[in-house]
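S.K.: Sharing a structure with you now.
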C-alpha cells in the first residue's frame, strides 16, 4: 500500500514537471518563432533614431548681390529624452540640477525650471532632441563632451542660425525668424506629437518650382513672376520641406513673406545608439539642401544713407519746440524711395529700428515687452507701411486731379483771389471760416500757383463747389481721384502688416455712425468734411508707402505699379564663391513689374499740375525751395510739402516728391518722408529729403558699412547729426 502511494505521488510530480517543461518549451518556441519579429522591431526602435536636420536658410541679398542676411553655425545644448526616461526620478533630477549649475558657471544662464519644462514638453516627438541652450561658446561643448558620463542624456549639436553682416540696417524689411509655434505648425498641415501623430510624422509643404509665387504674400499680392529653371534635383525639385517643433520660421518682413523660398529642405540622419543613448553608428545620412537666395530691390548703400539721416534728424528734433511752443517729440519716422518706372522699392527706412540678432535664439519675455512698450517707439513696427498719418497738403495732388477729372476746371488757368481766409458757402454752423496756415494771403492764384505756394483757400473753394453741386459732380470726386492713386487700399507690397489707410466718404461715415453711434456726433457728411478732405485733414489717413507710390504714379505719367521688394530668386552653386557671380547661381524666378492701374489725364492738364509741383522746390515762392535754391547743382525735384495738424500734439511733417524733374529725363526716384510731431513739412521733411537725394544727383553716395567695420560710417553719422541741426528751410508753414 505504501509502495503504491509513493508510486502515485512520483507519477503526479512527473506529470507536473513534464507539463512545466512543456509550457516553458512552448513559450520559448513562441518567443523565438512567432513573436520574434515583434521583439526585433521593438529592439531596433529602441536603438535606432531618425534625427530631423533643418538645414541653413537661403541668403537675403540687396539688388547688387551684397549679403544682408546669412546663416552661421550655432552650438546647441539639447536633451535626449530616451535615456533620461530610463532613469529613476531622483537620478534624473540630479542630472538636471548639475547641468543647470554647470551652464550657469560657464556663462550660459539656464534655469532648472526651463530644463524640467522642456523635458516634460509633449509637443516634441519622443525621438527628437529638445534644445535648452542656444548659441553657446565652443568651450561649453568641450566641457560637456569631456564629462559626458556625468551628463547622460545631454547632447551637444550644431544648427544653422541667422547672421546679419550689416547689423540693424533694413531690419524692418528683412524681418526675423523664430521657433515655429503650434498654430504655425498646424497651419502648415502638421500634427502635434501627442495629438494622434507618431514620432515619425512630419509637417510638409512642397516648394513648387514653376510659375506662381511660392509665398503667401506673393500669392495675395498678385505679383507676376517668370520661372527660368525648374530646379530639378534641387531644393524645389519635388522634395518636401518638413516642419517640426523646434524649427525656425520667418516671423516678419521678407523672412516671413518668402518663407517657402528661404527655408531649406530638411535632411535626415539615421543613427544607432546603445542603451545609454550614446552614438554607436550612423546608418544613413540625407543632408539638408540649403534654401534659395532672395534678391531684394533695395540698394543697401542708399538704405544706409536714408536710415542714417532719418535717425539723425529725429534725434535732433526731440525736445525742441515749434513756433507755437508745442514740444517736438518725433516718436518715429520713415523714408521710402521707389523707382517710378517699375515700382521697385530702393530704400525703406523706419525709425526706431532694432537689432535682429537679438531674435536669433528666441525673444525673451523682457525683450518682447521692451519691443512693445509705446515709450520705446515700438521698434518692431515698420512705420513705412504700418503707420498711418493725415497726409496734409500732399493730398492736394489728388484734389487737383479731381478738379480736372470732374470737368470743374477746364484748363487750370482759372484764378481766384486768396485773401488767406475762406467763408464756407451756405454755412449754418458755428465755424464758417477756414484759413490758410498762418492766415497767409497769397493773392491771385491758379492751379499751378496754388500747389507751389500751398494755397488752402484755392482747394477749400474747389471742395466747397463740389459739395454744393453734388447733382453735377457726385458726392466723391475728390475721393475717386485719390483712390485712383491707391489711397484707401493696400498697395499689395509683399510684406505682412500693411495698413490700408482711410479714405473717408459720406457713405462710410454714415455706416460708421450706424455701427457705433456712441463714437460720432453725427453720421452726416457736410461741406466742412469735404473741405477738410481736400487738404488731407479730417478723417483721411495714408501710409508713407502709399504716398511715395502715388507720387511715383504721377511722375511716370499715370501708371500705378505695385510696390516690389524682390527682383529675383536664385539657387546658389557654391556658398563660398561671390553671391553676385552669375556663374555661381541658377535663376529660379524673376519678379516682373505689376501694373495696378492707369490714370488718364490730358497732357495740358498734367503739365499744369507738374509745373505747380516743380515750383514747390524751384520757385522762390515754393514751400520747399530753400534747400534747392542753396544748391543749384542738385537735381531739380517736383513734389509737395505737407503739414498735418494733430490734436494736442505738434504737427506731422510730410514731403513727397520725385526727381529728376523738369529736365526732360525720366524720373528715377520718388521719395516720401513722414515724421509725426516734428513741425512744418517745409522745415523738416523737405530739407531731409533734399539731403537724402543730393548724393544721388552728385554721384557721391557712400557705401554701407558692415558691422565689422563701422569706422567710415561713424564719421558719416557724425556729419549727418551736425547737418540735421543746420537744414536750410523756407520758413513756410506748410
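From the backbone N, Cα and C atoms, a Cβ is placed for every residue, glycine too.
According to TrEMBL, the protein has these features:
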TRANSMEM  12-30  transmembrane segment
DOMAIN    54-187  domain 'Penicillin-binding protein dimerisation'
REGION    188-242  region 'Disordered'
COMPBIAS  194-230  compositional bias 'Low complexity'
DOMAIN    242-282  domain 'Penicillin-binding protein dimerisation'
DOMAIN    333-693  domain 'Penicillin-binding protein transpeptidase'
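Help me understand the surroundings of these features in the structure.
M.R.: Summarised as a single figure, the pLDDT of the domain 'Penicillin-binding protein dimerisation' (242-282) averages 86.
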S.K.: The domain 'Penicillin-binding protein dimerisation' (242-282): which same-chain residues, six or more beyond its ends, come within Cβ distance under 8 Å?
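M.R.: Result: 47-58, 60, 69, 80, 82-83, 86, 123-125, 128, 130-131, 148, 152-153, 160-162, 171-180, 182, 184-185, 188, 190, 192-193, 202-205, 207, 214-218, 235, 288-292, 294, 296, 359, 380, 382, 494-497, 565-566, 569, 588.
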S.K.: Quick check on the domain 'Penicillin-binding protein dimerisation' (242-282): DSSP residue counts for helix, strand, coil, in that order please.
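M.R.: For the domain 'Penicillin-binding protein dimerisation' (242-282), the helix, strand and coil counts are 9 helix, 17 strand, 15 coil.
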